[in-house]
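See below for the structure under consideration.
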Amino acid sequence: MEDSGKTFGSEEEETNYWRDLAMTYKQRAENTQEELREFQEGSREYEAELETQLQQAETRNRDLLSENNRLRMELESVKEKFEMQHSEGYRQISALEDDLAHTKAIKDQLQKYIRELEQANDDLERAKRATIMSLEDFEQRLNQAIERNAFLESELDEKENLLESVQRLKDEARDLRQELAVQQKQDKPRTPMPSSGETKRTDMAVQATGSAPSTPITHQGSSSGLNTPETFRCGLGSPSSGTPLTPAARISALNIVGDLLRKVGALESKLASCKNFMYDQSPSRKSGPALGRGTKNRDGIDRRPGSTAVGDKGSGKRLEFAKPSSQLSSPALPSTQGVVKLLL
């Protein structure tokens, strides 16, 4: 201590010194006690406050623990739900993948089916075009058949005209034979009779002219020859019958026309030879007896009313046969003009 080595001048001074020092220490002790008391009060208050805070903290801790437990339970439930959702999502994803694969397969099948439909459509369009072309060809052939029918009807009309001319020539031949017989009876003393061979040939020509054609046409299902225009028309078939004319029937019809033309030409030549023979035997004969046939001119040609001479009639008939037909003709058949010219 610093005061232990201090020296005093007197005892009173030392007593005062120690009294002052004691008072100082006493004051310090009182101050320290006061501070201790204040500190204790403050510590008690602080302790109470800490206890209060501790209680609050414990309460809060309990609340937090309960909340933690609740959150853990919720977490477990959420985990379970997540696992369930995950498994459900996986199943849905698997199902969607299967559906996607199935949809892709269906899409491929549909694309294949579309390609097949397009190919079938192309085939149908080609078949349609082929059908249209076949229909056009059928219409063309139908028109050709109609033209052939019209041409054959014109041929039938010409055949009827030929039959009428043959009948007229037969009548004229019969009249000429009768006239020749009468003139032979009148000129018997000075005109020799024609030979039996010539008469026989004339009769045979006339009979051949009136006989049936050498190439008959038979209708389907019929075995008899066609000798008249009606049977010939039935044999060829009308345009509305629907049966097309065969090439053999066309050739037969042309053969009939050719036979008729040849027979008409033979008959005309026979008539001309008979007239020449008759006029050579009697160059200066008078007009014939009144048999209702008109008069003859100085050349010996019969000029009956409403009729022409046999030679003129034959020439006119030849010219009439040589005229082209005004009816429609088929490209597959030769024209009547060419046939008549070839036959004449």
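Glycine is no exception: its Cβ is also placed from the backbone N, Cα and C atoms.
Keep in mind that what you see is a predicted model, and the values were worked out from it rather than measured.
Noted in Swiss-Prot for the protein shown:
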- 1-93: region 'Self-association' (REGION)
- 18-188: coiled coil (COILED)
- 30-65: region 'Disordered' (REGION)
- 30-47: compositional bias 'Basic and acidic residues' (COMPBIAS)
- 88-156: region 'Interaction with PAFAH1B1' (REGION)
- 167-290: region 'Interaction with CENPF' (REGION)
- 181-243: region 'Disordered' (REGION)
- 208-230: compositional bias 'Polar residues' (COMPBIAS)
- S211: phosphoserine (MOD_RES)
- T215: phosphothreonine (MOD_RES)
- T228: phosphothreonine (MOD_RES)
- T243: phosphothreonine (MOD_RES)
- T246: phosphothreonine (MOD_RES)
- 279-337: region 'Disordered' (REGION)
- S282: phosphoserine (MOD_RES)
- 296-305: compositional bias 'Basic and acidic residues' (COMPBIAS)
- 324-335: compositional bias 'Low complexity' (COMPBIAS)
Limited to the coiled coil (18-188), I'd like the whole-number average of pLDDT. 91
Count up the helix, strand and coil residues in the compositional bias 'Basic and acidic residues' (30-47) according to DSSP, in that order. 18 helix, 0 strand, 0 coil
Work out, from DSSP, the number of helix, strand and coil residues along the region 'Interaction with PAFAH1B1' (88-156). 69 helix, 0 strand, 0 coil
